[in-house]
Amino acid sequence: MISDETLKLLVRLINLCRSSGAIPYSWDAKNHRFYFTNQSLRKTRRWLGAQLLILLYVVVRTIFVKFQSHDNNFASFNFCLSIVFALMLQSLVRAPPAFFPKKFVCLINSGLRFTQGYQANWYPNLDLSTSKWNIFTIFFFKTCSVSTFLGFLSTTWLYFVFPNMPPFPGDLFPPQNYYYYLCYLVVGLFYPCYLFMVWSTLLFGACITLVFIAGLIPILTCDFRGDRAPPTGQNIEELRHVENFTRFYRQVELIHKLFLENYAIILIPIQSLVGQYGLICNYSLISQWDGMDGATKVFLLAQFVAIQVAWYLFLTLSGWFHDNSVKVIKSWKDLRVRNEWEGKLIGKFRKSCKPMYIGYPGVFRIRYVTVLKHFQGLTRGTFRMLIALKKTK
């Protein structure tokens with residue numbers, strides 16, 4: 001459930017993300033919807049183009065570091081390789097708002113309108129300001145904001161304290177040189193702005209996910225469950241009449257399809273990159289621990305934990321979504337009906353519905369077991385790499 005306070009906080013966070021160039025969307029208070037302008041879209045695409053150029057530079061720099069003859073070469077190479085994977089992940093997350101802005105803003109506005117209309121129709125007596133789901137949503141908004149700010153500070157600090165660490169361009173010039181100081185200043189001016197955009201992208205993704213989860217929790221765990229008693233004092237009993245029930249469930253399915261149209265295509269490469277990134281970090285930290293300086297160790301550990309925890313939460317929420325979707329459809333056998341005709345109609349409607357899921361249709365479907373498979377593959381792959389390395393020595 002989303003209160004006006006939650007919506008205002010969401011609008012502030014999205015405006016912050018827009019100012020960084022991470023997204024092109026603004027809030028139209030008069031029409032109560034999000035929109036984008038051509039100017040903001042161009043700014044977002046310019047930042048995405050700059051990020052792709054940075055990614056290309058880091059790839060070339062990683063290859064260059066691989067063939068350097070420094071003693072600390074291997075640790076630096078793995079560190080650069082981890083940066084490549086992190087930039088690729090972030091570029092994939094940014095792609096839908098930048099390349100398909102109309103579809104993405106349609107998804108956000110449709111979800112927002114459905115949630116607010118649903119609350120007004122079926123929860124007219126609910127005080128949203130004291131609702132536990134609304135309180136949790138505000139808490140997580142603030143937690144994500146603080147975490148984003150701390151992540152921005154930690155990654156910015158890394159450059160200004162260790163400017164000569166690959167893949168930073170500082171070590172391409174001899175120290176105490178005019179070009180070295182010029183490069184340090186130019187990169188120092190650009191780097192914080194770039195990181196602000198990167199972390200704003202992650203904040204935007206987290207906020208939108210939280211809003212959709214907050215809206216879906218009562219729908220999938222209670223309102224559409226025929227085996228659960230409806231909450232007292234609300235209009236859920238009327239919602240379960242067949243003429244309302246079928247219409248609103250189809251609306252949920254349409255929003256789910258809009259989400260798949262926007263993000264399904266990038267879930268498979270993200271799953272692959274998160275797994276490979278975890279293997280690179282584990283391998284680097286275990287095999288080159290003694291050769292790394294303290295800053296590199298802390299940076300790799302923090303990146304590894306942050307990305308794996310974020311992906312774990314996404315997989316868990318996606319598994320929860322699929323599991324509850326299955327339970328909802330099965331529970332319709334216990335749904336109270338007013339007459340035989342309504343019972344037959346619900347039965348035919350139930351047969352026409354399939355469990356909703358997060359993934360790519362026909363290829364990738366996230367369930368609870370996907371979480372276990374991901375970390376099982378990560379652990380097994382790490383041990384196999386270490387065993388292979390030991391055999392080659």
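Including glycine, each Cβ sits where the backbone N, Cα and C put it.
These features come from TrEMBL:
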type: TRANSMEM; residues: 47-68; note: transmembrane segment
type: TRANSMEM; residues: 74-93; note: transmembrane segment
type: TRANSMEM; residues: 135-158; note: transmembrane segment
type: TRANSMEM; residues: 178-197; note: transmembrane segment
type: TRANSMEM; residues: 202-221; note: transmembrane segment
type: TRANSMEM; residues: 263-286; note: transmembrane segment
type: TRANSMEM; residues: 298-321; note: transmembrane segment
Residues from the same chain, set at least six apart from the ends of the transmembrane segment (202-221), whose C-beta lies under 8 A from its own | 1-2, 6, 10, 13-14, 16-17, 22-23, 90, 93, 97, 108, 111-112, 114-115, 118, 123, 133-134, 136-137, 140-141, 144-145, 148, 151, 228, 252, 259, 310, 314, 317, 321, 324-325, 327-328
The transmembrane segment (74-93) vs the transmembrane segment (47-68): 3 or more CB pairs under 8 Å = yes
When you scan the chain for residues with a C-beta under 8 Å from the transmembrane segment (47-68), skipping those not six or more beyond its ends, what do you find?
-> 21-22, 76-77, 80-81, 83-84, 87-88, 90-91, 94-95, 98, 166-167, 194, 197-198
So which residues does the transmembrane segment (298-321) touch in its own chain, when a touch means Cβ under 8 Å and the partner is 6 or more beyond its ends?
-> 79, 82, 86, 89, 151, 154-155, 158, 202, 209, 213, 216, 220, 270, 274, 277-278, 281-282, 284-285, 292, 356-359, 366-371, 374-375, 378
